[in-house]
Ligand SMILES: *Cc1c(COP(=O)(O)O)cnc(C)c1O
């Protein structure tokens, strides 16, 4: 039996390789940090600066988080060996749920193994065939998959385009024989990760009010550092109260291990505890992760220092790269796309960057539009000013090396 499939897969894998879209992994042999030792498969490791992690606040190897995780290993053991509703809930899990709610200013929070699972859980129990889900065209894959699991009518609007969002809201009125959708929700990423652009939340909330729709924001690329207290893009835009459902990850700024959440109005969370399938049928977060994430939230709530450092680094990088005549997408986020247009050129520059001691990744079609190939740089509070300047110098040298 397997012989046929083996041949087919071998051919398909060869096609991916030929198309230049095969994902090769680089092996890191140090903790995730601003400086890592990384190697392509089979080659020796070299120390490089890391400018492509979601480690925005530099917490991935922070000593306080590591200590909290070690203490939890001693006090609460390694694993829960259960889903939450059978015997997988420790006091720590409830404490983290309370702390996330307090941090975001929401009523209740429910934990998941990942934000991918949170987005997979949230739609199916709340939205059925009489309902409408309106999704930004550039939303994260996990939102797209989660929405597919529900029986609701699906609508899509052009990225961050409020006119098109209005048109989709209008279209929901035809549902249910012209009675309109029973429940309507607008779903958006808080930050679009390929561009570093923020969703236009004030306009989205205004339209939601006008049409009686709910608003959901997946703030994975913002929670912990956007907004005055780090509560994310809704806080940044002053619309925190107007967002009904937040999802996010602990796997980026907040320590970078794993875990995600839905944080929302009380009844919404109560229903997800009863019916959210990834909650009911997948294991509890490990206590060490829960404890370290609590420490991450404490650090973020206790001081703006890391957020300030992150944005200072982003601003410095944007300024210096502009001075060196690189084309950047404008913005304020710590994601800074350096535009090359041509896919092969972006790939060659990224390879040269590694030779120049800086780890970055090139993205091209179909991940970004045709002709918009780029190197996506991500700043971190773990970087020093000297690290940022070294990255700029590496870009200058790599461009010169590739263009000859
Ligand atoms: C990273 C990301 C996720 C996935 O988070 P995990 O916790 O790693 O599953 C979901 N949504 C968005 C917008 C993300 O950027």
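Heads up, the Cβ atoms here are built off N, Cα and C, so glycines get one too.
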Taking 150, 193, 322 as the options, which does TrEMBL list with 115, 116, 218, 219, 220, 221, 249, 250, 251, 252, 282, 283 at the pyridoxal 5'-phosphate site?
193
Annotated stretch (coiled coil, per TrEMBL) among the listed ranges 152-182, 338-368, 369-399:
152-182
Where residue 376 (substrate binding site) sits in the secondary structure, as DSSP reduces it to three classes:
strand
Taking the residues 115, 116, 193, 218, 219, 220, 221, 249, 250, 251, 252, 282, 283, which the record names as binding pyridoxal 5'-phosphate, find the longest CA to CA distance and state it in Å to the nearest whole number.
28
Taking the Cβ of each of the binding-site residues and counting other Cβ atoms inside 10 Å, which one has the highest number: 193, 283?
193
Between 0 and 100, where does the mean pLDDT of the coiled coil (152-182) sit?
97
